[in-house]
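What follows is a single structure, written as structure tokens, with notes after it.
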């Protein structure tokens with residue numbers, strides 16, 4: 001696609017992801033409002049429980065608290081704007097705000113994947129080397145790993161924002177550019193540009209792929225060793241207990257990495273905008289919503305902390 005004379009580095013983007021939806025915008029508004037409020041309430045509750053209850057002051061819950069904060073940020077970057085656009089006839093976002101949303105979405109999203117990988121390392125040490133768990137996975141190491149995740153994520157995001165800045169977008173007579181998505185995501189922005197985006201695509205598959213491949217390898221290797229250790233446990237009760245400590249984390253790994261790989265690492269010719277939208281809703285809305293419930297419903301310690309906070313008496317763990 002060649003750029004027209006009116007192409008601009010800073011157009012106004014029209015986020016039309018749900019404009020042709022067969023479902024009522026009012027119904028979608030209340031659905032996403034319920035998802036957003038439940039996400040915030042669930043993750044805030046999890047953060048408060050882990051911060052207040054001394055029985056949850058362990059490395060695993062320290063990382064889980066960090067994950068909850070990230071999930072709240074990830075939802076807040078996209079869903080409030082979606083709610084505003086669902087009740088608006090002009091779902092516009094200026095280029096500067098679009099790039100800001102892209103930056104924060106990527107920063108929270110990549111940090112999310114890295115923290116999930118760190119939690120796999122935590123489960124590996126807890127199950128494969130329990131005698132040294134408290135020594136290895138101490139609070140200082142967890143804080144360093146969380147900080148490193150943020151630094152890597154921000155550097156990665158700055159690179160991709162920098163590659164977007166030189167691009168041109170050709171709009172209509174008013175300078176508006178249609179974006180068939182509900183937030184400023186990478187693929188829709190590249191598809192809408194009239195500039196050469198080969199550098200951007202290459203960065204996604206090489207640098208972005210490497211950033212995803214590293215955590216994926218860490219998770220796979222951790223669970224291979226965890227599985228081998230569980231199979232060697234002498235009692236069925238011990239095996240069940242070990243599996244239960246990993247079930248919640250594996251569920252979130254499936255949610256998170258499955259949707260990311262689906263959206264970002266397919267060749268552009270195979271991408272369907274409708275499928276991208278569905279996967280993006282899973283990633284930005286459903287996964288942050290599921291996190292506190294997956295970890296609380298499957299975890300006696302968290303359920304016990306909630307009962308103690310609400311004054312419902314002691315729950316045995």
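Backbone N, Cα and C define each Cβ position, glycine as well.
For reference, TrEMBL has these:
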type	residues	note
DOMAIN	42-295	domain 'G-protein coupled receptors family 1 profile'
TRANSMEM	27-50	transmembrane segment
TRANSMEM	62-83	transmembrane segment
TRANSMEM	103-121	transmembrane segment
TRANSMEM	141-169	transmembrane segment
TRANSMEM	202-224	transmembrane segment
TRANSMEM	245-265	transmembrane segment
TRANSMEM	277-295	transmembrane segment
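Listed stretches 27-50, 62-83, 103-121, 141-169, 277-295 were compared with the transmembrane segment (202-224); the greatest number of C-beta pairs under 8 angstroms is found for 103-121. Proximity of distant same-chain residues to the transmembrane segment (103-121), defined by a Cβ-Cβ separation under 8 Å and at least 6 residues beyond the stretch ends, is recorded for 60, 63-64, 66-67, 70-71, 73-74, 77-78, 137, 142, 145-146, 148-150, 152-154, 156-158, 160-161, 183-186, 211-212, 214-216, 218-219, 222-223, 249, 252-253, 256-257, 260, 283-284.
Within the chain, the transmembrane segment (277-295) has long-range Cβ neighbours (under 8 A, six or more residues past its boundaries) at 17, 32, 35-36, 38-39, 42-43, 45-46, 64, 67-68, 71-72, 74-75, 77-79, 105, 109, 181-183, 185, 248, 251-252, 255-256, 259-260, 262-263, 302. Residues 18, 21, 56-57, 61-62, 64-65, 68-69, 71-72, 75-76, 79-80, 82-83, 86-87, 285-286, 288-289, 291-293, 295-296, 302, 305-306, 309 of the same chain lie 6+ residues outside the transmembrane segment (27-50) yet bring a C-beta within less than 8 angstroms of a C-beta in it. Predicted-model confidence for the domain 'G-protein coupled receptors family 1 profile' (42-295) is 85, expressed as mean pLDDT.
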